[in-house]
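*Asks:* First the structure, which I've put down as structure tokens, then a few questions once you've had a look.
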Ligand code: GDP
């Protein structure tokens, strides 16, 4: 899963990104090593892994990971090519979801590009650039398809769809709110890969004082919440500066530091959870002596496709899956004990994998 961090200059994107990468770089094994300076890998905290690894005496624990991309340089006029604008927009096209950082902190030392703190205006500025870019894509499609549409009913239907979608965006709406009428429209919509069709998490960047009550007394945060509620998006409150400080602590210090601030978890953990739920993701687990590992899948994924996450051969040659809930497994103390109690299910290709399933795939090579 790949998340892109966007927002106006000076709202705290790099600060957040640096704290994410710092935390990521220090945590356990992940299957990537060299990373682009604008791409950071963050592991998904998952207590279940360590418990299973203890039981199996696993040599290695590999958590699920999320990739973050720092998409700096999105400014007013980006869609018209200002400040390398189009290049940044192309980067956004590749992500699964967007983290939109919004400045909700006052600080006279940090200049705001538009002279004042105003979350709604800032969100509109960024979203408009994304909308302009999407409209351009739709216009190109319309130009390409219109000629053939005279003799092709399907193409004519698509042109009509394109025009309605374009009109919707021209009213300042995000594509994600557009109601799709049938399967054709769903397929076309997915194919266009519009920027404003991507799910968004709004990260309200507040000062340290606003953290304890989750920004409840901060009117800027309220403005972000109002906006997000209208668009069915999630909001989470962070203080990027504090995240950066937290990322430099070791685990024990981190716990104490958070307790002092009256917090249960770091903003980073909140962000990861929010993105998991936003994208409808869950983790299933594999466990053994060599490695205990979490794998990210979409909710509703069936066993063969889940197996394909590990290796395409697993999907192609899928025979069945042996499945046990991780808690049942821990309670029994061993795989064989769980099996004796009848808690290990033999599942076929229609089985929908659940969060916390410990799975052993059987397959033909
Ligand atoms: P970017 O341009 O969006 O990447 O913004 P930066 O992360 O570079 O932050 C711009 C400036 O704002 C830097 O001087 C940061 O130290 C400062 N900054 C970032 N987050 C916070 C915050 O939560 N509170 C305060 N007071 N300053 C912040």
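Including glycine, each Cβ sits where the backbone N, Cα and C put it.
Since this is a predicted model, take the numbers as computed values, not measurements.
Below are the features listed in TrEMBL for this protein:
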DOMAIN    1-258  domain 'OBG-type G'
BINDING   10, 11, 12, 13, 14, 15  ATP binding site
DOMAIN    280-363  domain 'TGS'
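What's the neighbourhood like for each of these?
*Replies:* The secondary structure of residue 14 (ATP binding site), as reduced to three states from DSSP, is helical. Residue environment of residue 14 (ATP binding site) contains 17 other Cβ atoms, counted within 10 Å of its Cβ in all protein chains.
Across the domain 'TGS' (280-363), the model assigns an average pLDDT of 95.
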*Asks:* From the DSSP assignment alone, can you count helix, strand and coil residues within the domain 'TGS' (280-363)?
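*Replies:* Its residues divide into 26 helix, 33 strand, 25 coil.
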*Asks:* Determine which residues of this chain, when 10, 11, 12, 13, 14, 15 are set aside, have a Cβ within 8 Å of the centroid of the ATP site's Cβ atoms, and list them as they appear in the sequence.
*Replies:* 7, 9, 16, 101, 103, 205, 240
*Asks:* Among 10, 15, all listed as binding-site residues, which has the most CB atoms within 10 Å of its CB?
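*Replies:* Highest number of other Cβ atoms within 10 Å: 15.
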